[in-house]
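Taken from TrEMBL, the feature domain 'ABC transporter' covers 3-48. Annotation source TrEMBL lists domain 'ABC transporter family G' at 77-139. Residues or ranges marked as domain 'ABC-2 type transporter transmembrane' by TrEMBL: 170-307. Under the heading transmembrane segment, TrEMBL lists 191-217, 229-254, 261-280, 350-372.
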Amino acid sequence: MEILTTLGLYEHLNTQAGRLSGGQRKRLSIALELVNNPTVLFLDEPTTGLDSSSCTQVCNLLKLLARQGRTIICTIHQPSASLFQLFDLVYVLAAGECLYQGSTANLVPYLAHLKMPCPVYHNPADYIIELACGEYGHESVRTLVEGAQNGVSLKWFDNPDELLDNESLRIPQEMNILKKEHFNRWYSLKAYYTSITLLDIPVSVVSCFFFSVVIYFMSDQPHENNWRFPMFFVTSLFVVFVAQSFGLMIGACCDVVNGTFLAPTLSVPMMMFAGFGVMISDLPAYLHWGSYISYLRYGLEGYVNAIYGLNRPALSCVDVDPEGPGIDFCFYKEPKKFVNDVVGMSENQFWNDMICLTIILIALRIIAFVLLRWKLMSTR
């Protein structure tokens, strides 16, 4: 009843849908979408086929719904000047390219800034459509496209939040949209989960490659074996994939607030059992189990085997004092002794470490999918 009252349809409660007017049918279709109380509402040309009065009623209704905390996105053709001012933001397209995005109030000053002022007593909506159709020349269209692209780039680089992508917050932030679209059978959960998995692969590969190149060669690692750098790169890639899966698992079972707290909290024991500060052999017997579930341990062992394994030649001895007599003896000159005594690890464990990381990766992905499926089913 509340939805019908808000949309002005309560007095037509007992009227058949076929007897409603054009504007009332538009409002009825909006009411059907509001049953699930969506946070985002998409409408395709809601004013098409309506007279001026009905168009105004529909747009005023959409503005009211937007003021209640919803995001209303709709396409519209040739709005009147008064109708155009009801929209908060406008996105103008021409041949698939953006000409303008921003507030309706800023459209006229923006066009004036680009030396394309809107004529006096001219509808700004009609003028921007005329520009998009090329009635004032294709050079004007190109100027608008370049101006929109430059503005987007500046806004993206000027906002630090756009540069951060916390994997553990991805699913909680998309959960409301996922619920609606999944329950509407727009796509299956498997399709959604596969898409976010495949989407991360190119970015992860490129970022890991640049990370590996910078770290490996700036630290002056040996180049005598062609397998060292590929092993270093593969280790970086597996650690990133497992870390992403770990974040997805947390995001699948927690909301934004709890996920933000839980993700770094669970990362601490992972680092503690990895052998960074305390060697695994020095851990108490009752804590040894922690090292077997820490993916950072296998990542560290992979790095150590890539750098110090593969029969690396003896390490060079460097005199701390440049003017000293020189050093002929180093206690940890042999890589094998250095790895065993200082790092507390053994050589020739690279492929075992990669197998363990693969098992953890698959397990985390499966757990994340099961948790996400359970969370969706529990909201039915």
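Backbone N, Cα and C define each Cβ position, glycine as well.
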On the 0 to 100 scale, where does the mean pLDDT of the domain 'ABC transporter' (3-48) fall?
72
Long-range neighbours of the transmembrane segment (350-372), counting only residues six or more past its ends (CB under 8 A):
171, 189, 193, 197, 231, 234-235, 238-239, 241-242, 245-246, 248-249, 251-253, 293, 295, 298-299, 301-302, 305-306, 309
DSSP says what for the domain 'ABC transporter family G' (77-139): how many helix, strand, coil residues?
22 helix, 13 strand, 28 coil
